[in-house]
Each structure stands twice: as structure tokens, then as C-alpha cells.
Amino acid sequence: MPKAARKFYAVAVGRDGPKIYTTWDECKEKITRYPSALYKSFPSQKQADEWLASKVDSRARSRPASDLVPPDITMLPPRDPPVSQEWDEEDSLPLSEPPSVSLSSEQQEVLDRVKQGRSVFFTGSAGTGKSVLLREIIKTLQERGGLAITASTGIAAVNIGGSTLHSWAGIGLGDESWKQYAGKFFGQKKFRPVLDRWRNVRTLIIDEVSMIDGALFDKLENIAREVRHNEKPFGGIQLVLSGDFCQLPPVPGRDKKGQQITPVFAFDAKTWHACVGSPVMLTRVFRQKDEAFVDMLNAMRFGQIDAKAVAAFSTLSRKVEYADGIEPTELFSTRQEVDNANASRLRQLNTESHTYVASDYAGVDSNGHPITPMQMSRLLERLVVQKQIHLKVRPILISPTVLRQALVLQVGAQVMLVKNLVQGSLVNGSVGQVMRFSTAEDALKEHTNIAGVDRGERPRLPPSGFVWPIVRFIGGQETMIIPQEFTINNANGETEARRDQVPLILAWALSVHKSQGQTLERVKVDLRRTFEKGQAYVALSRATCLEQLQVLNFDASKVQAHPRVLEWHFGRRPATTSANEVIELFDSDEEADSDVAMSAYYNI
Ligand SMILES: Nc1ncnc2c1ncn2[C@@H]1O[C@H](COP(=O)(O)OP(=O)(O)OP(=O)(O)O)[C@@H](O)[C@H]1O
């Protein structure tokens, strides 16, 4: 094996102040769990000295750290205290959680970079506030215009109020060459709106970029340069990319015959580095406060499961009892398991039940054409509110553009809120139990909270004559939950489909795919089931504390990151991806939930 080239690790902000180290181990000791750490590796001492001199200034200050980061990732320096965010009343029922939090210094630095018009890929372990930051970036850039909000999968796109990258880019299945696409965009009238989108965009946001195939990234980069007649990387479009390669692997592409092509990670795309440069690592973990837990999750993330870590995870197999009757949500890798678990628990209840009928509306696609009922139901498949009630759904066609689907709820049912209703207390992921049903008028008289309804002189109530569920959430808060709007946007930001429904799903069980991005207080995971590497990490990292996490059948082989991701992370970068570097996807015999994401991804 060739000997690794010597490196010099310059630490500008670290445990022992500015200094140059000659081994990564020494450097790591000074920057691990030091969140504002600023460091970089160099091939020569001179370069390291120069960089250090340019970086060391009065801003260096100590703070506790919480993550392990690779040596070739440039950390952002700390900055002045962030400006606190105002909660906009008009957004009281938003699609995505508005930031009532102050951005951390590293989050703020990314935002500033974006405001300066620079491209950025920011990443970080689960719970480091990537979603919070992305929402703030969107809010900031939306005012400026020229913004395209996209994500690799439909479900991720809904979460940020955008469309899929495929849909925005107008590439259908993505199986043609960039030249063919560029030819179509220039030559065919129906692609005029697509051409306009490519030409007018200033900033392209791509969330969950870890699921974008490297070959697809290169294809889009070529299209961008061609259609914009601009030879700058990505045709001069500012890229804002977010995601975590340790969590979800790329979606495989397809060839002309519909056969899956082995995917490569986006960071292995030929044009990746020229487009986004070094990644920015968010290091401060917000979801978990317990440092021991953060360390255990990092051990999983970086494949450092030693005997001590195995022992620590194994202690989590005990049953956790809760006095309030709300059980931990069990995470499964397949939809089938989730549906079975929830249905069997629901069957055991012999209590009052009510059926809620969702109203679904069709809008227009990005060419201004009306959406057909079939397209609408396929789009609405992306909504979490629909999937979880799979077994209880009875679709009834009531008009060409309005479909109805039913959600059955019972007293005693464990449910989860799937929309942010009250910042900080009733958010997407809040779990509770249905206590009773009541009309909104009675709830007002009894002084029961009604989510999203202001108790003014003339509160806006849902239609009278109906009863709505009153849910007691973890922590004891009782709130009536009434229907909310769920909207899916087309590539132009117009409504493509909409569903009005009570924003609850059954929550004894939940799929990992739908738990993605959520914070769950009580979690149970049985790793004997069909969990794969990144998927198991996503599942365990939803929990906020060790005390309320139960892990059965801990298996170190199921929780480690992909070797290629580790190579990339720690700075070993082979020139090309070899043929035997097949990215493992979920190999369950049953339909894995990632397949749902994949079909949403392709069925545009
Ligand atoms: N600056 C901040 N101050 C306080 N809390 C924050 C901050 N940023 C994020 N959080 C909180 O941390 C938790 C995790 O945030 P978020 O979901 O954005 O992380 P993430 O990196 O996107 O996680 P994942 O990769 O698991 O989806 C949330 O409860 C969020 O409200």
C-alpha cells in the first residue's frame, strides 16, 4: 500500500489555542467536542503557517464541542451573537417549522455565506440544525427572488415547501444524456417554461442531497452550463446544498431499459468540488443534550463501534416504563410492519371512534395544466398524513378533482402530530393520546386549547356540528386538533395538490423514512428487523435522550456508515469510484420504505 503523504494540521480555534500538529490524532484531540473549532490540513508547514496567520484573530474563543470532524473540512469561525428571529403571526400554520431559535454562530456563518452569493454544501450529524438553518436560508432568499427550492425526494420537498429536483429541472426520469435534455429545452416549445426556470434561477437549493446520484449531479451541471451559456460551475447558479451522507444513500438512476444503475455518491461527481468546494460541517448537536449519547451516536456515525460502545448500546435493551400511558414510538424499516403494528393496537381498543374525511384538491402542474385525479393522488402520497393511515384509508371518488380519504381515530389511540402548530410545544413529531372527542364550541366553553385558534372575541372555528379529537401530548398538555392544509407545490411554486385533514397519524409505530428529520422523545428500535446502516443511524438519532430510548438486539454491523462515506469524510479520496464500490441499498424482501421515496422520486 502506498504510504500516506505527510500532512500538517493547523488549528486556529481549538482546545489549546492556535497551533500546528503533525498528526491527525493530536489535532483531533484538540478539536473534538469543540464546536467552533477551526482547522485545516495542508501538505506543507509553510501553507499551514500562512493559513494559521490569516485565521488567528481575536474571534477565537472557547465553547464546548460535540462532534468529530474530518481534517480537510474547513470549519466556520465563530462570530458576533446572532440576531434573534421574530415569529411571524401570519405563518402560524406553516408547512415547515419557523425558527423561534437564535441561530448558532456556525449556522449564522452559513447564512452569511449564502447571503454573499457563495455556493455552499452544509452537513453535520443528525440534530445539528440543518433543517432549521435551511428554513432560515429559504426565508431570507425568498425575499430576494430567483430562488428554486428543491429536494431529492418528494417527502423532503414537501417538508421545505419545494418541489423535487427532477421536477424542477424538467428531466423526467433523468435517464437521458445532458445533451438530449439541452436539445429538448432549446428545441421544443413545451419545454419553454423549463428553459426559463434554468435561465432565471439565481439560487438552487437542494435538500437531502445525499440521495442525489453523482452521475445525475454531473448531468445537471452540464445542462446548467449549456442552457445558460455560462461556463462557470453549474452555469453560475449559486448552489445551497444540505444533507448528511451518513444518513441516506443515493437513489439509483435508471438506464433506457429501466434497469437500475449502481449509484455513486454526489461527492464523487466530477463537478462536485468545483461547484461547492469544501463542505461546511455543523458540529453543535441540538437534539441531544447528553454528551455521552452524542458520543455514542457519533461512534455509530463514524463506524467506531468498539467494545465499550457495544456495551453502552446493549444497556439500552431494558424496557422503559411511562406513567402517562403514552408509549415509545417503535420505528420500523418497512411500511408493512408499521401498518400491522398500528392496526393491531387499534383493534385492541373498544372505544368511541370517529372518521375524518380529508378533502383533496387538484391544482396545476408547472406548465399550467390541470392535475388529473391520478396525478393528484400520486402527489399526495408524499404527505406523511396519508401514509400512516394506510389501513384505514378508504378512497371514494366524489368528483374528478376532489378525492376523499378517511382517517379513523379512537379514544386511547396513540397519535403523532404531523404539522408544526405551536412553536416549541406542538410540533411535527409531538406524540400523544386521544382522550375524547368534542365540538369546538364545547372545547371553548371548557377552556380546552384548540390548536391554531386564537381565543379572541371571534375565534375562527372549524365547521360546527362536528366533533374533533382532543389529544393529551407528552408533558400533559391537552389540545383539540382540527383540520389543517397540506400543500404540494409545483416547480414554479404554485399549488399542485392540496389536502385538508386532521394532522394526526397513528403513532405506536412509525417508519424510519417518515421519522427522518423528526425529533422524538420516546423511541424504541429493534435492530433485528431489516435495518440497514444509514437507516439504523437515522432511527436511533431521532431520540433526544438515552433514558427514553430502547434499543433491542443491538448489532454493530447494522449501525455503521458506508465505507465510501467514511473515506470521503476522513479525507481519503480515490480518483474514481471503482466498480466494486456498490452502494448498498436496503435489501429487505419486503418493500422497504426507501422504495417509497424512490418511487416518489421517479414518478414526477
Ligand atoms: N440554533 C438552534 N437553537 C436551538 N435549537 C435548535 C437550533 N437549531 C436547531 N435546533 C433544534 O434542534 C433539533 C434538531 O434540529 P434539525 O431538525 O434542524 O436538525 P437536523 O440537522 O436537520 O437533523 P436531522 O439530520 O436528524 O434531520 C430541533 O428540535 C431544532 O428545533
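Every residue gets a Cβ built from N, Cα and C, even glycine.
As given in TrEMBL:
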type	residues	note
DNA_BIND	535-554	DNA-binding region
BINDING	G124, S125, A126, G127, T128, G129, K130, S131	ATP binding site
DOMAIN	116-244	domain 'AAA+ ATPase'
REGION	53-105	region 'Disordered'
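On the 0 to 100 pLDDT scale, the domain 'AAA+ ATPase' (116-244) averages 92 in the predicted structure. Sequence-distant contacts of the DNA-binding region (535-554) (same chain, six or more residues past either end, CB-CB distance under 8 Å): 125-127, 246-248, 287-290, 292-293, 296-297, 300-301, 310, 313-314, 316-320, 328, 331, 333, 512, 515-516, 518-528, 561, 586, 594. Within 8 Å of the centroid defined by the CB atoms of G124, S125, A126, G127, T128, G129, K130, S131, the record's ATP site, lie the Cβ atoms of D244, L282, V285, F286, R287, excluding the listed residues themselves. Here the Cβ of G124 (ATP binding site) has 25 other Cβ atoms within 10 Å, regardless of which shown protein chain they belong to. DSSP classifies G124 (ATP binding site) as strand under the three-state reduction. G127 (ATP binding site) counts 21 other C-beta atoms within 10 Å of its own C-beta, drawing on all protein chains shown.
The DNA-binding region (535-554): residue composition by secondary structure is 9 helix, 5 strand, 6 coil, according to DSSP.
Highest Cβ count within 10 Å among the binding-site residues S125, T128, S131: S125. Mapped onto three states, the DSSP output places S131 (ATP binding site) in helix.
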